[in-house]
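In TrEMBL this protein carries:
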type    : residues                                                                                               : note
BINDING : Thr156, Lys157, Val158, Asp159, Gly208, Ser209, Ser210, Gly211, Val212, Gly213, Lys214, Ser215, Thr216 : GTP binding site
BINDING : Cys289, Cys294, His296, Cys302                                                                         : Zn(2+) binding site
DOMAIN  : 108-266                                                                                                : domain 'CP-type G'
DOMAIN  : 117-264                                                                                                : domain 'EngC GTPase'
Amino acid sequence: MTRDYSKFLPTSSSEFSQRPELSPLAALGWQQFFAQQISVKQMEETPPLRVTEVHRNGLQARGEDIDMHIPHGPEATVGDWILLNRELPSASEVLERKSLIKRRAPGRTLGIQLIAANLDTAFIVSSCNDDFNVARIERFIALAFEADLAPVIVLTKVDKCEAPEAYIEQAKAISPLVPVVALNAKSDEPQTMLAEWCKPGQTVAFLGSSGVGKSTLTNALAGDTAITTQAVREDDARGRHTTTRRNLYFLASGCAVLDTPGMRELQLTDNAAGVAEMFSDLDELGMQCKFNDCKHKVEPGCAVLTAVERGEIDATRLARWQKLVAEDLHNSATLAERRTKDKAFGKMVRNAQQKKKR
Ligand SMILES: Nc1nc2c(ncn2[C@@H]2O[C@H](COP(=O)(O)OP(=O)(O)OP(=O)(O)O)[C@@H](O)[C@H]2O)c(=O)[nH]1
Ligand SMILES: [Zn+2]
């Protein structure tokens, strides 16, 4: 049987707007970035599947006419593309990622938790009430920048707020690179106001604390096709079973949406570039400091402190930047140390085993 593989390639965005019918794979978010990683022959032998859910006992993944469970094996997260090994699904390969969101695993364990892969846009959701917190939004933005995806701030519950303008102004001041959208998630506003980012073939995610409206937004984008949120039981860092959800939905419009559970503890790790991009003005100013390793605290000749004294920079913003830099350094160093120790321990065990064999 000869097959037409051109349909696996995404069409240009102008074509999208004229022709909403996508190929089955493009409707799952298959893009040129992934297509160029494999040959037509591989495509036939090991069909690409997108990971839609991560369970305790494996993954759920979807491809063209396939929706299957993959037992533990591929180190993949929601949004990943894997090449199905038909004989041994647990040996399926993970394709190179276009973007990856990760954080330091919550609790006392020293690990990294993969949150989502291959997103195009991260909607950082906050409501116009006490939940609104500039430091938390900056943290999510740094995470998105590090992950190589575009952040957009979405302010919800404007309908319940007397003066949303104050929140909108504060959100707009966070970064000139990050657009701000304010809306009522329970209306039809999300469909129109988020349309720019929710194009066919795109993958978007809602990130933010619990109760800010992530599920409401997901449902609003889905329109009439109701989405039932499936609870997934996962082990948290302390080994307790918690009910979470992290599902990728494919909307009739051709956009894929990831609804994540509220993330209270979002510890950055290996995220220095993302933090620097979030605070790029401070980062650039810091290059003018007298000392290369200036911490902008007490050092003489510090360009950042001078700017604060002159009233050009808000001292609390500087403090938030320093906090994130310190946290990222600490977590990255502890993880690196742990990796070295693990390696050394592994070597010791292997040496001992070899001695025993002799
Ligand atoms: N009036 C109004 N209510 C909203 C808006 N967005 C969300 N809500 C309500 O706020 C509550 C929480 O919304 P959810 O969508 O469940 O919040 P979530 O972010 O998914 O929360 P978690 O599942 O805990 O992470 C629900 O009762 C929503 O109906 C909004 O823009 N306006
Ligand atoms: Zn300095």
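Indices start at 1 and increase along the chain as displayed.
Cβ atoms are placed via backbone N, Cα and C, with glycine included.
On a predicted model such as this, the values are computed, not experimentally measured, just so you know.
The Cα of Val212 (GTP binding site) lies closest to that of His296, out of the binding-site residues Cys289, Cys294, His296, Cys302. The record assigns Thr156, Lys157, Val158, Asp159, Gly208, Ser209, Ser210, Gly211, Val212, Gly213, Lys214, Ser215, Thr216 to the GTP binding site, and the maximum Cα to Cα distance across that set is 19 Å. Under 8 Å, Cβ to Cβ, and six or more positions away along its own chain, Gly208 (GTP binding site) finds Ile124, Val125, Ser126, Phe140, Lys214, Gly262, Met263. Residues near Cys289 (Zn(2+) binding site) in space but far in sequence (CB under 8 A, at least 6 apart, same chain), listed by position: His296, Glu299, Gly301, Cys302, Ala303, Val304.
Rounded to the nearest whole angstrom, the C-alpha distance between Ser210 (GTP binding site) and Cys294 (Zn(2+) binding site) is 37. Its own atom aside, the Cβ of Lys214 (GTP binding site) has 27 Cβ atoms within 10 angstroms in the protein chains shown.
Among the binding-site residues Thr156, Val212, Thr216, Cys302, residues whose Cβ is positioned under 6 Å from ligand 1 are identified as Thr156, Val212, Thr216.
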